Each structure stands twice: as structure tokens, then as C-alpha cells.
Amino acid sequence: MVSRASPACNLIRSKLSRSGGGLLVNPQAFTPTSREINHSSMLRSPAQPLLTAHRTESRDKWSKKMDFLLSVIGFAVDLGNVWRFPYICYQNGGGAFLIPYVLMAVFGGVPLFYMELALGQFHRTGAISIWKHICPIFKGIGFAICIIALYVSFYYNTIIAWALFYFYSSFSSTLPWTSCDNAWNTENCTNYFGKDNVTWTNYSRSPAEEFYTRNVLAVHESSGLGDVGYIRWQLMLCLFLIFTIVYFSLWKGVKTSGKVVWVTATLPYVVLLILMIRGATLPGAWKGVVFYLNPKWEKLKETSVWVDAAAQIFFSLGPGFGVLLALSSYNPFNNNCYRDAIVTSLVNCLTSFVSGFVIFTVLGYMAEQRNVNVEDVARDKGPSLLFITYPEAIANMVGSTFFAIIFFVMMITLGLDSTVRIHLQTKFGTLFNVTFFINLLFLFCKGGAYVVKLLEEFGVGSPIIAIVFLEATAVSWFYGINRFSNDIKSMLGYTPGLFWKVCWVAISPAFLAVSLNKDPLTLFDYEFPDWSITVGYIIGASSFMWIPIYMVYKLVWTPGSLKQRLAVCLRPERTLPDIHTDSMGLSPIP
């Protein structure tokens, strides 16, 4: 650290003061107290270009601040908010679950969310190249994030294609999952709505369940992962349409995606409001609300409740997928990322909470119609809650066609928001080709639902938690919490408080370690064979393995003794990122 400003810094300041405003960077960001400046790299030499002050546009920027906020909200608020939070909440003590959920959000989720927004905005680069500014030996984290983004794309594209199939099927006077008179129904199909003295047994299947499993997925024609069958052309066409929409949403980068998000991020809230009002008017809705919020305080003594709270807030806010880094990198340098982190986190958590009322008013209505308890209705979780339970309730409402259409429009827009942001943070052209063909070959076969489940459990869950644990450790302990705090000060004008520093250094990494938990793998009463679990671990390792591989590569190819190599690999390669010169309006002239 130099003790006074170098001549090169004074030259830059003088040019900035004469340039007449319009620049995005606070000149205080380049004082020695805010960044460690390598004096020799700033001076003119025959092999180095001279920095001159004029405006350049090497990186896109958001057209409006709301484009960015809606993009972040659209990524964070996804299908998991609609189905996973309500299910996890009632499973883990109802209203009592809100206590560990809020604590995990305050001490774990929001600090990590804030960290990624600040890192992306300061360094203004993607998930791979950012590591040369932080700690080069951890660059493998960026490669691992891209692999996980691929797996997430598989999952979201599949869910959206299923929702599009339902959307198309909803354009009929009588919804096809209303009765048991269809070609795909079996003798176990039981329609209890509007009928008296209907006996519901463990073998009974609702029309909505058989429509999903036998007509949409056709899993009954597959014996499992060892026999996935052939491709279903109806789902293939849905996938092709989804890819077309995503492609044109990303056609011109943030310029087009920033406009698309005004529809995809706001429409779900309109639909949620309509469905919540409709659900509140249904007979028996109060039973679902009571079941949803009734606190079971004894549940707080169980470790699994706290683990579920940590996992839910982490996957809901979404740090570690590289998307927050990418989205914030298009912000102006002095944008208030702290306020953005607080606002978008609150919107995300409140959306999850409100979604619970939308789901459980309908479950209370179904319990009233079946004459059973709410817990007997709410046995399904995951996509089954979206494709079986809720559609079944909608089918027996007045105006069922209208409510089915808007519900699946909401699902499609929620999924599109997340998948567009994921594609935006990488080279989406190559990713498009790869994801399309793999989706086509495996996920839309008759046993594709089993492949989706395997990817969901092993490709994304534990690997992303482990990766964000390493990311938080690298930033807090190797890059340095003081240096990171000074970076934030150069953007916002003030350093983060003690609370944030303690969370980044200790509490948030501990929260990530607690989140590592693996539930038994089941789907439609199908028990995954032992060899499939091994395949799952290989899928998980396929992303995480790039971290140690790159560490070894970096150490081997760096010259010097082992001590010198470690010093080079742990020190930021560029103390003044190239993108900052662009933000100031500086570009090299030979």
C-alpha cells in the first residue's frame, strides 16, 4: 500500500476534473485508501499503453433502474416461491416456521445476496473473469457455476414446457383433467367433486393426477431410469417454442431482456392477487389458512426445521448461480446496491409468504370437498403441487377455464424470468445448443421425469451450496473483508457496518454448512436404484471438480517456488480492473 497518491493518480484526477461531469465513477474510488494500487502498473512504459480520458461503451448498461430491479426480482421470485415455501412452512410447524426462516434470511441469505450484488457492480464482469480481481486460484468456482447453470436450465426449461402443455390444454370448455372418461384414465380414477358417498382409498387417483402422470409425462410406459422410452413430440414442440421465446428475450442482451422483464416480472403478481381473492371466496378456504399458519412450537426443537429454513431462503434468493453477479455488473458504478439488496430480498420473502395463502385456501377447499383433513390433501410437494393439486381444484371452480389459463401463464412467466437471467450470465449461444439437444434426448422421453428429479437433487442442491461456501470464504478471508468493505465504500461513500462484516466472515458460511442436507430420493412411488444414486453423485461432482482442477493447474503453471506460487495465486492479478477504466471513460491508446 502506497502512502500517498501516485503521479498517475493525480494525472487521472486532473483529467477527470476537466472532463465536465457525466462520468460514472467517484474520483475518491481511486485514492490509495479504497483500493491497493500497483504504482508501477500505472506508469507509462514502452510496453504499456497510456490511459486517456474519453468516453467508451465497452459494456452494456441497464436503460432504467427499474429494469435492473425487476430483473433481480424476476430471478429471485420463481416457481419455488409458489410451491416450495408453502409446503415447507406447513411441514415444519406452520407459523412457527417463520421464526427460523426470518433468522436465516437476516443472518445468511440477505448478506450473501448483498455480497454478490456488490461484487458484480464493483468489478463489472462475469462469474469466471471476476476471480482474477479477487483470488485467482478460485477461478474454478466460475467454471463450476456455469456447469450448474446448465443443469438449472434443464430443470426450468422442462417445467416451463410442461406448463405450456397445460396452457394449451386449458383452451376448452371442459378442462381435460376434470373427468375420468378419457383414454388415459384407469379404473383407479376417482372423481369426488359434486358427488356424495365417494370412497377415497390409498389406490384412488384423481383425474388431475392421471392427466399429469399418464397423459403429460406418460411415466406409466417407462419402468424407470433404465428404460426412459422415446421422445414425446408434444413436449418437444413446447420446448422449441420456449427456446424461441428465450432466444428473442436475449437477442440484444440487457437492452431486450430489460424490456421483457416488465411483463414477466409483474404479471405473476397480478395473477397471484386474482387467485388469492378467488381462493378466499371458496368454501372451506379458512381451513387451509388455519392449517398453513397454525404454529406448532414443538417443531422448533427439531434440527431439520432449521435446515429446511436455511435451504429455503438460500435457494429462494439465489446467490451462487452467477446471475446476481451478471445483473449487477450492468449497473452504474455508484448505484446503491445496498438498498437494492434489502428491497429485493423483502419482495422475495413477502412473495413466498403471500403465495402460501394462494395455495392453502385452495387446499382447504379441496379438503372440504373430499371431506378429509387438509394434511391428507397436501401430501404432494414439488411440481406435483403445481400440476396435480392446484389444477384439480381449479377444474371444479366456476370459470375454471379462465383460472386455469391465468395460472399457467403465471407459471410460464415465473419460469421464463429465471431461465432468461441464467442464460444472460453466460455465453448463451453455446448454452442454447447444448441444453436443447440434451433436453430433447432425455428430459422429454417417457421416463424423463426421473431424469429431471435426478438433476434437481444432485446437479444443483449440494454443489451450489458448497460453491457459495467457498465463494464467501474466498471473498472474506483471501480477498479480505477490509478490502471488500473499501470497495463498497468507493461505490456508496460509506463502509458496511459491523453486522455485515461479521455475517460475511463467519455467520453466513456457517449458515451454508448447515444447509447441506439430503432427503431420500423418490418420485411417484418409484424407488431410485443404487446405480442411479452413483450417477447422481457423478453429476454433482461434474461441476464441483473444476475447482480443485483449476487450483492444481494454476499452481503448476505459475513459475517460482511453492511459496512464491501460492503468493501469486492468492493475490488479485489486477488491482485496478480494466472495466473501471471504462467506467471512468478511460481507454488505452498505444
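Cβ coordinates are placed from backbone N, Cα and C, and glycine is handled just like the others.
Curation does not apply to TrEMBL; its annotations are automatic.
Per TrEMBL, the disulphide partner of Cys189 among Cys146, Cys180 is Cys180. Annotated pair Cys189 (disulfide bond) and Leu414 (Na(+) binding site), C-alpha to C-alpha distance, rounded: 31 Å. Note on the transmembrane segment (260-286): residues 66-67, 70-71, 73-74, 77, 249, 351, 354-355, 357-358, 361-362, 364-369, 397, 403, 406-407, 409-410, 413-414, 416-417, 420 of its chain, located 6 or more positions outside it, place their CB under 8 angstroms from a CB of the stretch. In this structure, the binding-site residues Ser316, Ser418 were compared by how many other Cβ atoms lie within 10 Å of their Cβ, and the smallest count belongs to Ser316. Two recorded stretches are said to be in contact when at least 3 C-beta pairs lie under 8 angstroms, sequence spacing 6 or more; the transmembrane segment (140-168) and the transmembrane segment (491-514) fall short of this definition. For the pair Ser316 (Na(+) binding site) and Cys180 (disulfide bond), the C-alpha distance works out to 37 angstrom.
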